[in-house]
Amino acid sequence: MGCGHKDDKASLASTQIASFSHQPHRPPSAPASKEVWKKGGRMFSILLAVHLALLACTLVSSGAFEKIAVHDYDVFFLLTVMMLIVIAWIIFYLASTSRCPDAIPCRDSHAGPVWLRGGLILFAIFSLVMDVFKIGYYSSFYSCLSAIKIIYPIVQAIFVVVQTYFLWISAKDCVHVHLNVTRCGLMLTLTTNLAVWMSAVTDESVHKAHSKFRKNVTEELFRWLLKVGMRSSSAEECNCNSQICQIFNNGYFWLYPFNIEYSLFASAMVYVMWKNVGRFIDHHSHHIHRLKFRLFQRTFFVGIVLGLIILVSGLGVLILYEVQINSSTESSKKSQALSMYYIFNIVCLGLMSLVCIGGSVIYRFDKRDMDGHKNPTRTLDVALLMGSALGQYAISYYSIVAIVASTPRDAVSALNLTYALLMIAQHTFQNIFIIEGLHRQPPKEDHRRDSHQKDLYGLTFANINAVSLRVPDSGSTLDSTAASGAEGTHPSDFIRSLTAPKMNWRRKFLREISMFLLLSNIILWIMPAFGARPQFDNDTELNFYGDSMWPAIVDICLPFGIFYRMHAVASLLEVYIMS
């Protein structure tokens with residue numbers, strides 16, 4: 001169906017190529033009619049995604065409450081069906097595009113960069129380990145469980161493998177066959193990842209909430225055992241008593257953060273693919289940047305060393321915090337742990353804010369042009385940065401109101417207030433720095449473009465001096481240089497050598513800043529993702545908002561804050577490479 005239609009478009013495009021070879025492969029009358037169907041197909045796929053997302057959200061949220069007659073195995077059944085449909089569609093997509101030679105006429109060079117796909121594979125590996133732990137845990141007492149509790153992690157493991165392979169080889173595709181089916185399939189894939197993310201966040205929040213009261217409230221422990229799928233009326237019959245069962249139980253909950261990040265990374269990459277369905281790439285405005293990742297070149301090592309110090313110190317603070325909070329019930333030990341946590345974060349956030357301000361000032365002196373070309377990947381990066389930051393903004397403002405309105409105030413409250421204010425400032429300054437870095441052109445872009453234009457169009461009034469400098473070097477070898485496909489290499493090197501002393505220090509400082517912020521964001525992601533959550537341990541907010549409202553606020557907003565840190569790491573890596 002799609003290949004025959006594509007052949008007609010290819011024949012029209014071939015006539016254009018014969019008349020004007022450097023124009024993009026686009027039929028003269030296609031764009032007008034194509035836009036109408038593109039909007040209709042996008043609208044239908046969006047409506048499909050919205051309805052599925054609302055259904056999944058309803059089931060997941062209802063399954064989290066004990067008084068509602070919706071069980072977690074109902075949620076797992078829906079997610080299993082959705083993942084199986086996505087697996088079938090991915091196989092169909094790969095088969096149809098491989099058999100049709102004109103299915104993918106162009107690829108988006110900005111979509112699915114290698115560091116993003118590498119991060120996706122890393123999270124996929126940990127997600128597979130989590131599924132293995134789940135299978136081992138549920139298999140320990142399979143006779144008391146619904147069958148879907150064991151089937152779900154098996155299907156999820158297959159889904160992770162198939163989807164990771166699909167995104168690794170197809171993230172850059174601009175597909176032009178089965179447009180509406182592809183859009184609906186991609187939206188179904190995106191919705192499935194978001195539903196899995198919601199389920200994982202809910203399970204992790206319920207587990208952490210129950211673990212806080214497990215030592216003192218036996219009835220809560222009994223209800224928690226029922227929530228994980230026990231059908232027997234006897235809790236002892238299905239209790240997890242063996243050591244291997246306890247290892248599986250604790251292991252897969254510790255691996256939940258990786259599965260959560262995997263779902264969000266996959267959702268972002270699928271969204272970019274959805275935007276690129278039916279898209280034509282203008283090769284004259286869509287420059288391909290072949291940038292190399294040089295970690296230990298052109299750097300002073302200050303950012304790396306300082307970032308590693310912050311990272312190692314943060315790991316030590318995390319270990320001490322967890323030990324003191326979980327092993328002791330004394331209020332003095334709890335206050336000491338909170339003070340240590342807040343002091344470290346205040347120092348870290350303060351340094352990050354100052355560094356971001358310094359980076360923004362350096363951008364004022366950067367001579368690189370702003371990249372205004374259409375780039376769905378960059379647009380999504382900016383939207384995710386701004387949107388996910390709202391979660392931490394909300395928690396910080398709720399904390400500020402509770403601290404200011406509460407009495408009496410102690411040293412921990414003062415540290416908490418400073419921490420909340422710095423969290424708002426750091427997110428704001430970091431977003432400004434990252435967004436401005438993402439919109440800068442690579443350092444060699446201007447030189448390559450100028451030299452290319454000089455070789456094509458010769459003398460111009462604006463470049464008389466530059467041309468007069470390069471004529472003695474390239475005049476005798478112009479023909480041979482053009483034939484070898486390396487025109488303008490020597491002139492651009494000569495011009496770059498004149499400006500290198502003035503530009504290099506700025507780019508070096510930007511790379512140092514990017515690396516320091518990258519390592520700092522890693523530790524600020526690790527701490528809340530692996531248990532250091534002072535929002536549940538500080539009594540100020542709990543007493544002010546109540547035991548039901550404040551945990552709900554944190555459970556809703558904190559996952560967005562955790563995702564912000566990991567997405568900032570990926571964006572800062574791109575800024576580092578572009579600097």
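Cβ coordinates come from backbone N, Cα and C, glycine included.
Sequence-distant contacts of the transmembrane segment (43-63), counting only residues of its own chain at least 6 positions beyond either end whose CB sits under 8 Å from a CB of the stretch, comprise 70-72, 74-75, 78-79, 82, 180, 183-184, 186-188, 190-191, 194-195, 198-199, 202, 274. Feature annotation from TrEMBL assigns transmembrane segment to 43-63 (among others).
Panel annotation: around the transmembrane segment (75-94), residues 52, 55-56, 59-60, 63, 148-149, 151-152, 155-156, 158-159, 162-163, 166, 170, 175, 182, 185, 188-189, 191-192, 195-196, 199 of the same chain, lying at least six beyond its termini, place a Cβ under 8 Å from a Cβ of the stretch. Per TrEMBL, transmembrane segment is recorded for 75-94 (among others).
Beyond its flanks by at least six residues, the transmembrane segment (114-138) meets 145, 149-150, 152-154, 156-157, 160-161, 164, 167-168, 171, 229, 240, 244-245, 248-249, 251-252, 255-256, 258-259, 261-262, 265-266, 269, 293, 570, 573-574, 577 of its own chain at Cβ-Cβ distances under 8 Å. The transmembrane segment feature in TrEMBL is assigned to 114-138 (among others).
Outside the transmembrane segment (150-169) by six or more residues, the chain places 76, 79-80, 83-84, 86-87, 90-91, 93-94, 112, 117, 120-121, 124, 127-128, 131-132, 134-135, 138-139, 142, 189, 192-193, 196, 262, 266, 269-270 with a CB less than 8 A from a CB of the stretch. The transmembrane segment feature in TrEMBL is assigned to 150-169 (among others).
What TrEMBL lists as transmembrane segment is 253-274 (among others).
Positions annotated as transmembrane segment by TrEMBL: 295-321 (among others).
Panel annotation: around the transmembrane segment (341-363), residues 306, 310, 313-314, 317, 321, 412, 415-416, 418-419, 422-423, 425-426, 429-430, 432-433, 436-437, 440, 506, 509-510, 513-514, 516-517, 520, 523-524, 527, 532, 534 of the same chain, lying at least six beyond its termini, place a Cβ under 8 Å from a Cβ of the stretch. Sequence annotations record features per position, and here TrEMBL assigns transmembrane segment to 341-363 (among others).
If you look up TrEMBL, you'll see 383-405 (among others) marked as transmembrane segment. With a threshold of 8 Å between CB atoms, the same-chain residues lying at least 6 positions outside the transmembrane segment (383-405) that come near it are 268, 413, 416-417, 420-421, 423-424, 427, 431, 434-435, 535, 540-541, 544-545, 550, 553-554, 556-561, 563-564, 567-568, 571.
The transmembrane segment annotation in TrEMBL covers 513-532 (among others).
Outside the transmembrane segment (552-577), and at least 6 residues removed from its termini, the chain residues within Cβ reach (under 8 Å) are 113, 115-116, 119, 197, 201, 205, 257, 260-261, 264-265, 268, 291, 293, 381, 384-385, 387-392, 394-395, 398, 427, 430, 433-434, 437-438, 510-511, 514-515, 517-518, 521-522, 524-525, 528-529, 533, 535-536, 545. Marked as transmembrane segment by TrEMBL: 552-577 (among others).
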Residues from the same chain, set at least six apart from the ends of the transmembrane segment (513-532), whose C-beta lies under 8 A from its own: 208, 254, 257, 299, 302-304, 306-308, 310-311, 314-315, 317-318, 321-322, 341, 345, 348, 351-352, 355-356, 358-359, 362, 430, 433, 437, 558, 561-562, 565-566, 568-569, 572-573, 575-576, 579
